[in-house]
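**Q** Before anything else, here's the structure in question.
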Amino acid sequence: MENEVKLTKLASCAGCGAKVGAGTLCNLLAGFQTHYDPNLLVGYDKSDDASVYRVSDDLAIVQTTDFFPPIVDNPFMYGQIAATNALSDVYAMGGEPKLALNIMCIPEKMDKAPVQEILRGGYAKAYEAGAIITGGHTIHGAEPIYGLAVTGFVKPENVWTNSGAQPGDVLLLTKPLGVGILTTAAKAGLVEQELLDKLYVQMSTLNKYAHDVLVKYSVHACTDVTGFALLGHSLEMAQGSGVTVHLKAQAVPYHEEAYEMADMGFIPAGAYRNRDFAEAGVRVVGAVARALQDIFYDPQTSGGLLCAVPAAEAEGCLAELRAVAPSTQIIGYVTEKLDSAIYLEA
Amino acid sequence: MKTIDARGLSCPEPVILTRQAMMSGEAAYEVIVDNNTSKENVTRYAQHQGYKVAVTEQDGEFTLSLSK
């Protein structure tokens, strides 16, 4: 029966692991003519999470889209994760999602019931986020795809870019890493259901709650850690801000089980693409195990927020974030630009 | 020696096939893959299982000789 076909079997690539590499994207986007507009506060030139356009002195709109093939067999959960991931970019810019459009692709022969469940998952998360899904577009194709195009609001002076990190800031990360490696190992049946369920809950947890805490602090830079992994997104932040980001390998939250799975070679192709893209900007100081580095290059689906706040606010911010995102850790700090954009310190 | 032809497959299939083949516990295997990710991942898996790995490349295909 059609509805017994496993959703993930229809997908050639899992979640954000399907994302085209940052290097490839840069090449694809180079050289096109675009209008200059002073109201475009954030465009794609600094590789940020979403674009931001100033409509008036006290309103800017945040626009973003994100979609991917099934990362989980349960269609309702898949819908929730895809929507959570798409909404996340708005939170990463300091905004609040308001409107969303479904983006969907389904195999012609797929049953109606799982398709409805995917959509139900999307609507549930949009509702939780306070956003309204007003329509969308669905096509037929070989493998299922689902996601949202999201529009959010933010005050122009409250926009968080990934390019405002300052020397003296500390970095916080709100969700543990290892999702890409573990979902890859899960395809070999090597991950306990209990852990998988934990990952699904993590991936379907909105960054809204971390965002709602962070708005009370002086956020200098923020991004969400997704397809380009901790090191790819940190590199974009460091280069965009003109600083050096120091990451303390031992302080970064990750799922312990991902370490052995990385050692056993269950590493998604996206992690290799991320390494190719970012490695030249990463200086490893001391001994950081290969498996740990793999985790830092591992593409995350619906990952947490990575933000830079002044050191003086760090402890208060950490304590408050932990109440809504218990895995949150201070993972590093920012200095003036040194010989390498990232220092990965043992 | 058992040969595992994992050409045309993407992660994590080549590792899964290698893992299944190793259930027989032989001292040497040969794995053929056609992309860098699979080459790296099968190498990692084999090393984790205590095998030495030698890689030869020809026309974009990698032959991994695993031995104990």
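Glycine too: its Cβ is placed from the backbone N, Cα and C atoms.
Below, the features straight out of TrEMBL:
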| type | residues | note |
| --- | --- | --- |
| ACT_SITE | A:CYS16 | active site |
| BINDING | A:LYS19, A:LYS46, A:SER47, A:ASP48, A:ASP66, A:ASP89, A:GLY136, A:HIS137, A:THR138 | ATP binding site |
| BINDING | A:ASP49, A:ASP89, A:ASP224 | Mg(2+) binding site |
| DOMAIN | A:48-154 | domain 'PurM-like N-terminal' |
| DOMAIN | A:166-341 | domain 'PurM-like C-terminal' |
**Q** For A:SER47, A:THR138, listed as binding-site residues, tell me which one has the smallest number of other Cβ atoms within 10 Å.
**A** A:THR138
**Q** Name them in sequence order: residues not among A:ASP49, A:ASP89, A:ASP224 whose Cβ is within 8 Å of the mean position of the Cβ atoms defining the Mg(2+) site.
**A** A:ASP48, A:ALA50, A:THR64, A:SER88, A:VAL90, A:TYR91, A:ALA92, A:MET93, A:THR223, A:THR226
**Q** Using a 10 Å radius around its CB, how many other CB atoms surround A:ASP49 (Mg(2+) binding site)?
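**A** Result for A:ASP49 (Mg(2+) binding site): 25 neighbouring Cβ atoms inside 10 Å.
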**Q** Counting each residue once, how many in the domain 'PurM-like N-terminal' (A:48-154) are helix, strand and coil under DSSP?
**A** 36 helix, 46 strand, 25 coil
**Q** Considering Cα atoms only, can you say which of A:ASP49, A:ASP89, A:ASP224 is the nearest neighbour of A:GLY136 (ATP binding site) among these binding-site residues?
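**A** When the Cα distances are compared, A:ASP89 comes out closest.
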**Q** Find the shortest Cα-Cα separation between A:ASP224 (Mg(2+) binding site) and the binding-site residues A:LYS19, A:SER47, A:THR138, and name the residue that gives it.
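**A** Its closest listed neighbour, by Cα, is A:SER47.
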**Q** As a test of reading the model: what is the averaged pLDDT for the domain 'PurM-like N-terminal' (A:48-154)?
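**A** Summing pLDDT over the domain 'PurM-like N-terminal' (A:48-154) and dividing by its length gives 96.
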**Q** From the Cα of A:ASP89 (Mg(2+) binding site) across to the Cα of A:THR138 (ATP binding site), what is the distance in angstrom?
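**A** That comes out at 22 Å between the alpha carbons.
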**Q** Please list, in sequence order, the residues in the chain of A:ASP66 (ATP binding site) that are at least six apart in sequence and whose C-beta is under 8 Å away from its C-beta.
**A** A:ALA82, A:ASN85, A:ALA86, A:SER88, A:ASP89, A:GLY147, A:LEU148, A:THR226
**Q** Can you tell me how many other Cβ atoms are located within 10 Å of the Cβ belonging to A:LYS19 (ATP binding site)?
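**A** I count 21 other Cβ atoms within 10 Å of it.
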**Q** For A:LYS19 (ATP binding site) and A:ASP49 (Mg(2+) binding site), what Cα-Cα distance in Å is obtained after rounding to a whole number?
**A** 14
